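Participant: Here you go, one structure.
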Amino acid sequence: MGFKLFGLGGQQEPTLDEVHDQQGRRPSATEAIAVDVRRKSVDNRQITGASQITTRQSIVPVALVTTLFFLWGFAYGLLDVLNSRFQVALHITQGESSGLQGAYFGAYFIGPLTYSGWFVRKFGYRYTFILGLCIYCVGALMFWPSAVKRSFGGFCGSMFIVGSGLSTLETSANPYIAVCGPPKWSEFRLELSQSFQAVGSVVAPVLASYVIFKNVGENGESLESVQWVYLGIAGFVALLAVVFFFAPLPEITDTDMADQAEMTTGSTGYQDKPMKRQYTLFWGVAAQFSYVGAQVAIAGYFINYYTQARPDLPTLTAQHQGANYYAIAQGLFAAGRFAAAGLMYFTKPRWVLLVFQTLIMVFIICAISVNTGGTTAANWGGLSMLMLVLFFESCIFPTIFTLSLRGLGRHTKRGASFLVASVCGGAVIPAILGNVADKTGTRVAMVVPLAFFAIAWTFPIYLNLYKAKELDAYRESKVGTAEGVVDEDSRIASISHGMFHDKDVEASRTEVKGY
């Protein structure tokens, strides 16, 4: 048995007949949590009872998985600083330095659609977390010989392995947070957890400026500190893999998700479609590809934007200060995530997504068009506009992710693999921006992420115009608010109250072909 590209091989999702046959003897959420102490993988076609996990029962597993978000936020924050550092230390151009982003995010295209997407369906979330951490550890260790040899190709290879590990973690962590607990709080949970990823992205450039790259030699070309920081990361990640083996993590299968969808108002018909007809998912994938690529492009060249906006400073000084201002911008990004999470607790996530993406468009246009410094003074106006772009970028990835997964039911894990794979936009768009920036300057080259933000902007417009009713049904759901609760007009409630005729029950159990 093997797996094929795009997750079409290996273990398939359960059929609806298999789901329905188990619903009469569904374990409780308490039993599902008790199973985790065995630390065994769970059959993806088995109902475990995790479809009913309450907020209280989800606190510990969600908190543990949230530590992973900080981990790859830290790695991502270092990536952006390494981009500008290698331009100086290894004498490469902006276009060439985008190879780091290409390697890191290129791994996101390969992993989720092949081995990691297959692995999470075959062995479950726990062992996918451990696999991702082990791959990440190997990649971090490879930074040592790359730094010794001063090989940019070696760094790109090491970053590809790191990206492979982190993409494996994201293939499991993002959907796990989204589905572990009441469906009505799915967007809020992932937004709050990813806020700690943003905190990691703030900490990394600060440490890079004041600790990691504080002593880089008189010419700024020493890479010794890079060796030691990634050796420390490798040790920490290896320890974390051991922690996750013993951690209390209830497994959530695709059968659980299909079961949960049938407990929820107005979702049965949506999740019952074959995978190839999940149009909202694929629109979300396109939006995620465009958005992530644009975000990564801005982050990767923020320090270059700052350097060119400060013609009054020497290049090395501007780069050091640029790292500090990038840390402030990442602080705004983190604050934006916490703010968005707060808004989602009180209002509809689809509205938050539309407002934030609209404001991204406004402020990046300003960052391109405003130049308050001319050719000799600092362009503080353009810089402030670009920093506000990072604030409003904050909530976009997790919100697109969760809204795209809404109602997928038995297709949830495979759908999540496609969404994580779309992160590979970060391998494409920064390279375009870098090469344009070499010819036009970084400020003008920001038209590249602007174009891709416009593509991503179509997704919240589509959701608010055509999918509002389905999304709001989840927002109003009572599933998981207490153990055993289902929505009154869901399929499960209708059957339990005898509201379905025999022929309707039989029709609802018909297996959908073609997935």
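Just so you know, glycine gets a Cβ as well, placed from its N, Cα and C.
Just so you know, TrEMBL annotations are computer predictions that nobody has curated.
TrEMBL lists 59-79, 99-120, 127-145, 228-247, 281-303, 323-344, 351-370, 382-403, 415-433, 445-465 with the feature transmembrane segment.
Just tell me what is around each of these and how deep it sits.
Facilitator: Distant neighbours of the transmembrane segment (59-79): 100-101, 104, 129, 136, 159, 162, 166, 169-170, 173, 176-177, 180-181, 189, 193-194, 196-205, 208, 212, 229, 233, 237, 240, 243-244, 247-250, 299-300, 330; these residues of the same chain sit at least 6 beyond its ends, with a Cβ under 8 Å from one of its Cβ atoms.
Beyond its flanks by at least six residues, the transmembrane segment (127-145) meets 41, 65, 68, 71, 75, 116, 119-120, 154-155, 157-169, 171-173, 226-227, 230-231, 233-234, 237-238, 240-241, 244-245, 249 of its own chain at Cβ-Cβ distances under 8 Å.
Long-range contacts of the transmembrane segment (228-247) within its own chain (CB-CB distance under 8 A, at least 6 residues past either end) are made by residues 39, 61, 64, 67-68, 71, 74-75, 78, 126, 129-130, 133-134, 136-137, 140-141, 143-144, 158, 165, 212.
Sequence-distant contacts of the transmembrane segment (281-303) (same chain, at least 6 residues past either end, Cβ-Cβ under 8 Å): 76, 79-81, 83-84, 94, 98, 100-101, 105, 319, 322-323, 325-326, 329, 364, 386, 389-390, 393, 396-397, 400-401, 403-405, 408, 411, 415, 418-419, 421-430, 432-434, 437, 442, 445-446, 448-450, 452-453, 455-456, 458-459, 462.
Within the chain, the transmembrane segment (382-403) has long-range Cβ neighbours (under 8 A, six or more residues past its boundaries) at 174, 178, 186-187, 190-191, 193-194, 198, 280, 284, 287-288, 291-292, 295, 298-299, 302, 305-306, 309, 325, 328-330, 332-337, 339-341, 344, 349-350, 352-353, 356-357, 359-360, 363-364, 366-368, 370-373, 416, 419, 443, 446, 456, 459, 463, 471.
Beyond the ends of the transmembrane segment (445-465), by six or more residues, the same chain brings 280, 283-284, 286-288, 290-291, 293-295, 297-298, 301, 305, 350-351, 353-354, 357-358, 360-361, 364-365, 367-368, 386, 396, 400, 403, 425, 429, 432-433, 436-437, 471 to within a C-beta distance below 8 angstroms of the stretch.
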